[in-house]
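Here's the structure we're looking at; comments come further down.
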């Protein structure tokens, strides 16, 4: 199975070209074909020699993903189900915003974090995606625009799809540098957000990277007892350890942290929990932000339901009265398989049913 050429950073592509007897400018030309002209095959690179194209084909493919399903929402949201070369399935989402087009990418096949409300964790982690497989998601969404003759581009990226990005740290960092490269897609670092469930040691490492990429933390509860009951990760990285890492990140980067807080009816959405959350974030209030997220119900997690608007409003009011910067997140794609991991899970369920039916016949 040949790797995708997207898995190489620009420096790695230059090094590979030099090792294979080519000039540096040839690597620059290839990079330009990939990320500016966005070709889907090496044969389309008209200023590259046939011998070098043959060498490229021998060692690499271009895009390793196959499109299985596309769901388009009435609000313009597009959800993709992609198949990897080994047959594994991943999701990617395009969200149309007033400020541009944002793409949510997946970083792992399955997830081992074990959040009890999340569709992503219904399938345990099978493997990490490599840098090329993550980058390919962006390239196929951009291809969606290009094929429609739309003068539009992917302007924002959120690393919030299936999997824990910091559990696949090295590949995610290579991906971030690839899409941020000024000679390629040139997606601004401040238009990119990476979300973690709270791997404290990786937050510290991320703080030392010197990148301007935004950090979001999936918090979802304001105390250890509740957070440990709905997010297994809290048993390894309790709030004291997590917030020490967050404070280090803020001190090191002087950048704001966003806290994601999914609203679960009568679980974590009471006014007393809102006050706890306000107290928890008080020390870092000037450089923190709370994103209240309406819950997309998952049939396998029927113990949870969406918080009524009245409870969300009351929670929000407590935060605002305490001076917390917060917002209720705008929903996207509510008329399709909206929850992260839901399209993949539902498709795999249907595939299994087909196999069972075929065996029964």
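Yeah, the Cβs are placed from backbone N, Cα and C, and that goes for glycine too.
These numbers come from a predicted model, not from an experiment.
Copied over from Swiss-Prot:
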ACT_SITE  91  active site, proton acceptor
BINDING   111, 115, 118  [4Fe-4S] cluster binding site
BINDING   163, 164, 195, 218, 219, 220, 296  S-adenosyl-L-methionine binding site
DISULFID  104-340  disulfide bond
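Reported as a whole number, the C-alpha separation between residue 220 (S-adenosyl-L-methionine binding site) and residue 118 ([4Fe-4S] cluster binding site) equals 12 Å.
All protein chains included, residue 296 (S-adenosyl-L-methionine binding site) registers 18 other Cβ atoms within 10 Å of its own Cβ. The number of other Cβ atoms within 10 Å of the Cβ belonging to residue 115 ([4Fe-4S] cluster binding site), over all protein chains shown, comes to 20. Proximity note: of the listed binding-site residues (111, 115, 118), none has a CA within 10 Å of the CA of residue 104 (disulfide bond). A simple way to gauge crowding: the CB of residue 195 (S-adenosyl-L-methionine binding site) has 20 other CB atoms within 10 angstroms, across all the protein chains here. Counting only residues at least six positions away in the same chain, the Cβ atoms of 107, 108, 111, 112, 113, 196, 197, 199 sit under 8 Å from the Cβ of residue 164 (S-adenosyl-L-methionine binding site). Listed recorded positions near residue 118 ([4Fe-4S] cluster binding site): 296 (candidates 91, 219, 296; Cα-Cα distance within 10 Å). Taking the C-alpha positions, the distance from residue 115 ([4Fe-4S] cluster binding site) to residue 163 (S-adenosyl-L-methionine binding site) comes to 11 Å. Rounded to a whole value, the Cα-Cα separation of residue 219 (S-adenosyl-L-methionine binding site) and the residue listed as 'active site, proton acceptor' is 23 Å. Within 10 Å of the C-beta of residue 218 (S-adenosyl-L-methionine binding site) we count 22 further C-beta atoms, all protein chains included.
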